[in-house]
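Encoded as structure tokens, the structure appears first; notes follow it.
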Amino acid sequence: MDSTLSKSPLHTLECMRRTPFNRLFAGVYTTAIFALLYHHLLTLLHSTTLVSFFISTSMLISDILLGFMWSTTQSFRMRPILRQQFPENLEKVIDRKDFPAMDIFICTADPYKEPPMTVVNTALSVMAYDYPPEKLSVYVSDDGGSEFTLFAFMEAAKFGKHWLPYCRNNNIVVRCPDAYFRSNYPRSSETEKIKMMYESMKIRVETVVERGKVSDEYVSSEEEREAFNKWTQGFTRQDHPSVIQVLLEMGKDRDNTDKSMPNLIYVSRQKSKASPHHFKAGALNALLRVSAIMTNSPIVLTLDCDMYSNDTQTLHRVLCYLTGSPCRPNIGYIQFPQRFHGLNEADIYACEFKRLFQVNPVGMDGLSGPSYVGTGCFFRRRVFFGAPSAFLPPEFPELSPDNVVEKPIKTQPILALANRVAGCNYENQTNWGSK
């Protein structure tokens with residue numbers, strides 16, 4: 001493998017040429033700050049009136065604070081590095097059938113503030129990755145416990161059987177349906193047919209949300225009816241049992257070209273007014289446990305509900321760092337940047353968040369690595385169980401990152417244990433909750 005990697009590199013990194021100038025500037029600027037503080041101190045010591053004393057003291061304190069704030073950002077300038085991936089070389093190093101499985105987490109919490117169609121578009125964009133579908137599992141965490149979100153994903157599962165092969169056969173780059181149909185896409189009879197299917201799905205979902213009820217006319221099978229029966233009279237978003245619904249099962253559900261679909265799983269963890277739920281962090285914790293029981297993929301991607309992937313090769317780019325010799329030993333996670341739409345690129349107030357997603361991460365990457373920004377991040381599942389030299393075993397062996405799930409995800413033992421670890425009291429008096 002070493003010779004193959006040398007001939008076909010998967011990634012490269014290099015320090016920016018401006019690094020020496022950054023360090024020189026930091027040194028000169030630091031000297032200037034100390035000179036200014038020395039001047040303020042001398043002025044303070046030679047104050048002759050109470051007014052001049054307070055003015056000199058205020059200037060000294062202000063410049064100390066400003067100098068401290070400036071110094072805290074200079075670590076980002078000391079060793080900024082640039083990386084480049086070569087996903088086209090990946091299959092020269094590792095066979096496609098040996099690609100690791102990946103679990104993708106999508107979090108949502110309110111069907112009115114975060115419309116279900118937005119979450120559906122996020123899920124469809126990652127379900128359509130250029131990656132073996134039998135290696136993908138998409139988990140949707142509905143922390144609002146909404147039947148509207150479940151209905152939307154039932155519709156998305158049906159539409160996905162047409163959308164995924166359409167993207168694959170036509171080499172679509174932007175695989176988020178809403179973004180694609182808002183772009184200058186090529187017109188054809190096939191495209192118009194797919195667009196009509198998407199618009200029809202969108203109307204059904206939005207109608208259900210507007211009416212505030214999933215009517216019988218929208219329920220097409222006994223399995224769907226049984227799922228919606230879980231929303232009983234006492235079911236509220238703050239107090240309800242766990243709901244785990246497998247909408248697509250890899251190997252059994254197939255698209256309209258008879259290729260396997262990725263797993264698509266709806267999860268609404270148990271909520272109780274007597275137990276703290278810890279918001280998004282608690283939802284991700286529950287997803288981590290539920291996914292361990294059902295698929296236990298070694299790599300986990302976390303996403304917000306209002307995002308979509310604009311690169312079908314994203315998972316290949318991740319493997320460029322995780323395959324072969326990594327950039328640094330024991331790599332734990334890979335943070336991708338966010339890009340925002342509908343913003344003014346010339347905005348002097350930097351509403352594009354360039355410093356957070358473009359400037360600082362480059363410098364942090366040259367030191368200890370970038371910070372986790374809450375979304376768009378790939379984790380090794382192993383990192384959640386302690387340091388590399390100190391493994392902290394979970395209470396159930398099924399939650400271990402090394403556990404191999406051999407049973408189908410719809411079997412009763414799997415679903416029963418998944419519902420158990422999705423309980424709001426699971427973390428109490430456990431290593432998971434305290435360590």
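Positions of Cβ are set from backbone N, Cα and C atoms, glycine also.
For the transmembrane segment (21-38), same-chain residues at least 6 beyond its ends with a Cβ under 8 Å from one of its own Cβ atoms are 60, 63-64, 67, 70-71, 74, 77-78, 80. The annotation transmembrane segment is assigned in TrEMBL to 21-38 (among others).
The feature transmembrane segment is assigned by TrEMBL to 50-70 (among others).
The feature UDP-alpha-D-glucose binding site is assigned by TrEMBL to Lys113, Glu114, Asp143. Of all the Cβ atoms in the protein chains shown, 21 others lie within 10 Å of the Cβ of Glu114 (UDP-alpha-D-glucose binding site).
Non-local neighbourhood of Lys280 (Mn(2+) binding site): Cys107, Ala109, Asp143, Gly374, each in the same chain, at least six residues away, with C-beta under 8 Å from its C-beta. Per TrEMBL, the feature Mn(2+) binding site maps to Lys280, Asp304.
Other than Lys113, Glu114, Asp143, the residues of this chain whose Cβ falls within 8 Å of the Cβ centroid of the UDP-alpha-D-glucose site are, in sequence order, Thr108, Ala109, Asp110, Pro111, Tyr112, Gly144, Cys305.
Take the binding-site residues Asp143, Asp304: by the count of other Cβ atoms within 10 Å of each Cβ, the lowest one is Asp304.
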